């Protein structure tokens with residue numbers, strides 16, 4: 001549970017998220033889709049801000065809400081802007097981890113294992129992802145570095161791993177599925193189920209992260 005937030009904001013956010021998952025995530029661009037998707041994050045962000053959330057974390061959430069708006073619009077320029085907004089969000093989350101929790105690097109086996117696994121995953125994208133991204137190769141590479149950094153940071157103690165690390169890994173999984181859908185496999189069974197998985201893991205990531213920040 002996320003503590004200290006008026007339940008109305010959480011209920012509206014959850015309702016919009018469920019509506020987006022059930023009806024909009026697999027459909028083409030529309031103004032209503034944009035409003036529902038953005039509102040699912042922006043409305044809880046208002047409540048989280050009123051509850052006194054840490055400034056860096058809240059700024060990261062608002063950057064992600066901006067990314068949701070931008071990615072819901074059609075065209076490559078909107079996609080580039082959306083990648084940029086989420087990149088800013090990841091930077092702000094990393095700063096929030098550092099400021100709020102003061103992590104110590106390499107405190108135990110998991111603190112080493114997660115970063116090493118993420119480095120391997122990041123390097124693998126040079127073979128299966130980067131060659132397919134065309135003019136987006138540089139921003140995609142930069143984004144990969146940022147989200148892997150966020151995941152590696154989330155594995156460090158005394159960050160609450162049950163929530164923060166789970167949220168970071170869920171975020172990475174959502175983006176991994178999105179990258180495959182955008183650049184590798186867009187049709188077939190995967191193309192049909194990917195939008196549902198992307199939104200589910202993305203929204204779960206935001207919930208878990210703020211359970212950690214506000215818990």
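Glycine residues also receive a Cβ, built from the backbone N, Cα and C atoms like all the rest.
Now, the feature entries from TrEMBL:
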- 7-24: transmembrane segment (TRANSMEM)
- 44-71: transmembrane segment (TRANSMEM)
- 83-103: transmembrane segment (TRANSMEM)
- 109-130: transmembrane segment (TRANSMEM)
- 142-159: transmembrane segment (TRANSMEM)
- 165-184: transmembrane segment (TRANSMEM)
- 196-214: transmembrane segment (TRANSMEM)
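When each of the listed stretches 7-24, 44-71, 83-103, 142-159, 165-184 is scored by C-beta pairs under 8 angstroms to the transmembrane segment (109-130), 142-159 comes out highest.
Highlighted: of the candidate stretches 44-71, 83-103, 142-159, 165-184, 196-214, 44-71 has the greatest count of Cβ pairs under 8 Å to the transmembrane segment (7-24). For the transmembrane segment (196-214), same-chain residues at least 6 beyond its ends with a Cβ under 8 Å from one of its own Cβ atoms are 1-5, 17, 20-21, 25-26, 40-41, 44, 48, 51, 53-54, 57, 61, 64, 93, 96, 100, 159-160, 162-164, 166-168, 170-171, 173-175, 177-178, 181.
The list of residues near the transmembrane segment (44-71) in space but at least 6 beyond its ends in sequence, with Cβ under 8 angstroms from a Cβ of it, reads 2-6, 8-10, 12-13, 34, 37-38, 78-79, 81-83, 85-86, 88-93, 95-96, 99-100, 206, 209-210, 213-214. The list of residues near the transmembrane segment (83-103) in space but at least 6 beyond its ends in sequence, with Cβ under 8 angstroms from a Cβ of it, reads 54, 56-57, 59-61, 63-64, 66-67, 70-71, 136, 139-140, 142-143, 146-147, 149-150, 153-154, 156-160, 164, 168, 175, 209, 213.
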